[in-house]
Amino acid sequence: MNAYYEQDADLKYLQGKNIAVLGFGSQGHAHALNLKESGLNVCVGLRPDSSSCEKARENGLEVNTIADAVAWADIVMVLLPDQYQKSIYESEIKPNLKEGNTLAFAHGFNIHYNQIVPPGTVNVIMIAPKSPGHLVRRTYTQGNGVPCLIAVHQDYTGEARQQALAWAKGLGGTKAGVIETTFKNETETDLFGEQAVLCGGSAELIKAGFETLVEAGYPEELAYFECMHELKLIVDLYYEGGLSRMNYSVSDTAEYGGMTRGPRVITSDVKAEMKKILEEVQDGRFAKEFIDECNAGYPNMKKLRESNADHPIEKVGAKLRDMMSWLLKK
């Protein structure tokens with residue numbers, strides 16, 4: 001995959017245009033502020049009763065309702081939660097889109113699964129920073145940026161790709177590198193990674209390890225330290241230099257034990273189940289399940305949240321984290 005940098009992008013494709021950023025959460029505040037400080041004309045679209053209205057104004061941004069922001073804008077970036085985008089699109093975005101506008105997203109879920117079907121007379125693009133919003137913002141203020149993905153779903157004006165690259169440049173992304181992909185590939189890999197590894201697989205691995213030690217008679221505190229707390233040390237090594245950096249940094253005992261026992265935990269059966277999870281993402285079964293869950297008021301999700309909150313690892317973890325002065329208390 002090719003990477004694009006500063007010389008490959010030109011802010012002229014956004015200059016002189018009205019840009020609306022819908023939402024002012026983690027990504028929304030970073031996009032709006034970075035683009036504004038890149039010299040672009042930005043407003044934020046929010047519900048009138050949103051607690052973020054005051055925050056956005058305190059940061060020197062103009063705030064409008066979502067409908068008014070879209071009506072004013074040439075380019076609209078939708079940075080709202082996936083489950084709310086369809087209804088807001090139908091009621092406030094779609095009626096105010098104009099021919100030649102650009103509709104932008106930071107995640108492809110609603111476009112890829114046809115929850116949102118824009119008219120053929122607009123550009124549809126994606127700019128997805130591969131970092132949380134606070135890091136997008138911080139690196140920009142330091143004169144750097146984070147890697148970004150871009151994609152073009154629909155190019156009505158002939159400038160969709162240039163606009164996506166320009167947006168990434170306005171975020172600071174072209175200083176790190178920008179990779180072009182598709183809505184399909186971004187959506188499916190993102191969902192799979194969340195479910196099988198990052199949020200689902202890792203959480204279940206942690207709980208299973210904790211339970212194994214506790215059921216064998218070891219103190220919960222030791223089980224927490226070994227299966228939850230110390231995971232950050234290992235993940236940071238992965239993050240900084242991959243698997244080889246981790247293996248180089250740990251003891252020979254840990255390296256040998258990990259290489260010989262790890263495959264007994266993540267077996268061919270586990271990988272087969274991962275493939276099934278990927279198939280559910282690819283064929284839309286997961287998307288339908290999630291949308292149905294949202295429409296029903298999250299009955300299953302509420303039960304799962306309660307179950308996780310009641311797990312013993314959460315109780316002992318809260319107690320041990322109170323001993324850690326370096327952690328921010330919330």
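From the backbone N, Cα and C atoms, a Cβ is placed for every residue, glycine too.
When Swiss-Prot records Phe24, Gly25, Ser26, Gln27, Arg47, Ser50, Ser52, Asp82, Gln83, Tyr84, Gln85 as binding NADP(+), the matching candidate from Gly108, Gly120, Gly133, Gly143 it lists for that site is Gly133.
Mapped onto DSSP classes, the domain 'KARI C-terminal knotted' (182-327) shows 121 helix, 0 strand, 25 coil. In the three-state DSSP reading, Phe24 (NADP(+) binding site) counts as coil. The secondary structure of Arg47 (NADP(+) binding site), as reduced to three states from DSSP, is coil rather than helix or strand. For the binding-site residues listed here (Ser26, Ser52, Gln83, Gln85, Ser251), the lowest count of other CB atoms within 10 A around the CB belongs to Ser251. Among the binding-site residues listed here, namely Ser26, Ser52, Gln83, Ser251, Ser251 has its C-alpha nearest to that of Glu226 (Mg(2+) 2 binding site).
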